[in-house]
Amino acid sequence: MRSDAIKKGHLKAPNRSLLRACGLNDDDFNKPFIGVANSYIDIIPGHFFLNEYAKIIKDEIRKNGCIPFEFNTIGVDDGIAMGHDGMLYSLPSREIIANSIETVMNAHQLDALICIPNCDKITPGMLMGALRVNVPTIFVSGGPMRAGVNKHGEKISLSSVFEAVGAYEAKKINEDDLKDIECKACPSGGSCSGMFTANSMNTLCEAMGIALEGNGTILALSKEREELLRKAARRICEIALDERFKIRNIITKKSINNALVVDMAMGGSSNTILHMLAIAYEAGVNLDIKELNHISANVAHIAKIAPSLNTVYMEDIHKAGGVSAVIAEIAKKPGHILELDTLDISGKTLKERIENASIKDENIIRKINNAYSNIGGLAILFGNLAEQGCVIKTAGIMGERKFKGKAVCFNSQEEAIKGIIKGKVKEGDVCVIRYEGPKGGPGMQEMLSPTSLLTGMGLGAKVALITDGRFSGATRGLSIGHISPEAAEGGLIALLEDGDEIEIDVDNYSINANLAQDEIAKRKANFKMPNKQINSRWLKMYQKLVSNASKGGVLDLE
């Protein structure tokens with residue numbers, strides 16, 4: 001056992017003495033030691049109950065002959081951190097989470113790991129840390145929140161609240177309407193109810209085979225979710241000493257491909273691209289951002305979920321057959337690109353896992369011959385504005401897929417929010433928000449407030465928004481993020497001026513500023529990088545080490 005390094009032989013008497021102080025006895029030193037990486041925190045709706053979930057898991061681990069050791073990571077709620085300086089810390093928190101998993105697991109030489117994530121950067125951060133440790137690992141998340149219901153009986157979610165703020169600013173709704181939506185959008189614990197980043201990543205854990213069936217869709221705080229916790233705890237005890245189930249044997253090039261296929265089929269958050277690039281990096285898998293368009297071109301988009309379709313939520317996907325039903329339907333397409341021989345932590349191949357899966361409601365998960373689109377719900381665009389690529393959630397486009405408009409430039413999200421409220425962005429414009437990339441922010445803020453304001457003001461289908469920052473999974477519209485190289489690296493987005501013509505063609509994967517080469521050269525020669533004051537030592541360190549979005553925003557130590 002890996003844990004013998006802290007519990008076997010006379011030299012380890014001091015180590016055992018400390019372990020005895022934690023309640024262990026002689027028999028316990030012959031059992032596998034299992035790390036239980038929790039992310040309990042009171043301020044996140046998807047996490048405030050995870051302390052109780054950890055108790056269920058630890059109890060089941062003890063019943064099955066192993067010793068659990070719980071520890072915690074930090075967590076940031078992107079929705080609460082939204083629209084102020086707190087969002088600068090969201091993406092950097094992914095690195096702290098990864099580092100904490102690596103630190104605790106390796107410092108104590110634990111044999112296996114069960115992770116309890118749920119929201120935002122916590123799932124990818126835990127995946128990255130677990131890949132560094134490389135022991136048998138299972139992910140079991142807290143589960144999605146059920147959808148809210150407004151006074152008109154319509155299903156709503158957190159994105160409805162952000163958009164309601166825009167509608168209120170545009171005087172389309174009154175204060176009572178706004179309060180009703182605010183109070184009813186998030187009715188219970190869980191990760192926000194649509195196909196936002198949290199649910200996207202928890203779904204992809206299932207697709208990669210690192211989580212049991214139902215992980216992405218079984219509701220939080222349900223009896224079914226509690227049974228999934230017990231099942232995961234029993235399974236980690238069964239595989240704790242089995243090298244076949246080391247996480248790097250599960251998360252491979254093939255399983256990452258499967259995750260991206262599911263991502264495209266379900267129109268996941270654009271943040272998944274950033275995180276999957278980082279996960280591939282930690283797994284030692286070469287994943288080029290250019291590969292993603294090939295995957296998208298070969299995958300039908302068969303499930304639309306809020307915010308792309310505001311009548312469908314994760315609870316509906318679960319009732320309609322869940323992630324397995326989506327995979328099973330995609331596998332029916334001749335020449336599909338799923339890798340069905342991949343092994344998952346249940347001990348089954350993907351082919352075996354989906355054998356009995358089927359769609360139970362074709363209005364929620366469509367058949368391939370009735371797909372929303374014959375291509376996936378995410379795309380990578382290239383051009384002089386994004387030589388290294390940028391990301392768009394095509395599943396969320398509300399208007400035209402070709403767009404030509406004049407740039408309205410802002411040098412921060414805060415500046416953009418003020419400008420949008422004052423009416424500076426009008427129909428036909430391209431709203432440009434720059435210096436918000438991993439280096440420029442630093443921290444790559446999410447642009448949910450600007451996009452939601454535009455949508456709520458009735459401009460969602462009438463303008464485009466481009467940024468070197470990123471978007472919440474709750475964003476919809478012609479919203480293009482992760483522009484690389486970013487403004488802080490001197491990318492062309494930094495040289496744009498108000499009135500420049502920008503052309504976007506989603507179907508041809510292109511994004512360009514219609515500027516002559518001599519004009520670009522002239523602007524480069526006169527360009528001065530804005531001096532952005534950063535007071536945080538952590539953010540300064542992050543800014544010096546982080547790569548741009550085309551590489552996943554990982555810390556580049558080479």
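Glycine residues also receive a Cβ, built from the backbone N, Cα and C atoms like all the rest.
Fair warning: this is a prediction, and the values are worked out from it, not measured in the lab.
Here Swiss-Prot flags ASP78, ASP120, LYS121, GLU446 as Mg(2+) binding site. Within its own chain, ASP120 (Mg(2+) binding site) has ILE44, GLY75, VAL76, ASP77, ASP78, SER90, THR197, ALA198 as residues 6 or more apart in sequence whose C-beta sits under 8 angstroms from its own.
On its own chain, CYS119 ([2Fe-2S] cluster binding site) has ILE44, PRO45, GLY46, HIS47, GLY75, ASP77, ASP78, GLY142, SER191, CYS192, THR197, ALA198 as residues at least 6 apart in sequence with a Cβ closer than 8 Å to its own Cβ. The [2Fe-2S] cluster binding site feature in Swiss-Prot is assigned to CYS119, CYS192; the stated evidence is sequence analysis.
LYS121 (Mg(2+) binding site) has a Cβ environment of 30 other Cβ atoms inside 10 Å. For the recorded site, LYS121 (Mg(2+) binding site), the DSSP three-state label reads coil. Summarising the annotation, Swiss-Prot assigns N6-carboxylysine to LYS121.
The Cβ of SER472 (active site, proton acceptor) has 27 neighbouring Cβ atoms from other residues within 10 Å, across all protein chains displayed. The DSSP secondary structure for SER472 (active site, proton acceptor) is coil. As annotated by Swiss-Prot, active site, proton acceptor applies to SER472, with the evidence given as sequence analysis.
Counting every protein chain shown, the number of other Cβ atoms lying within 10 Å of the Cβ of ASP78 (Mg(2+) binding site) is 27.
Sequence-ordered, the extra residues of this chain that approach the Mg(2+) site, with Cβ no more than 8 Å from the Cβ center of ASP78, ASP120, LYS121, GLU446, are VAL76, ASP77, ALA81, MET87, SER90, LEU91, CYS119, THR197, ASN271, SER472.
With respect to their backbone Cα atoms, LYS121 (Mg(2+) binding site) and SER472 (active site, proton acceptor) stand 11 Å from each other.
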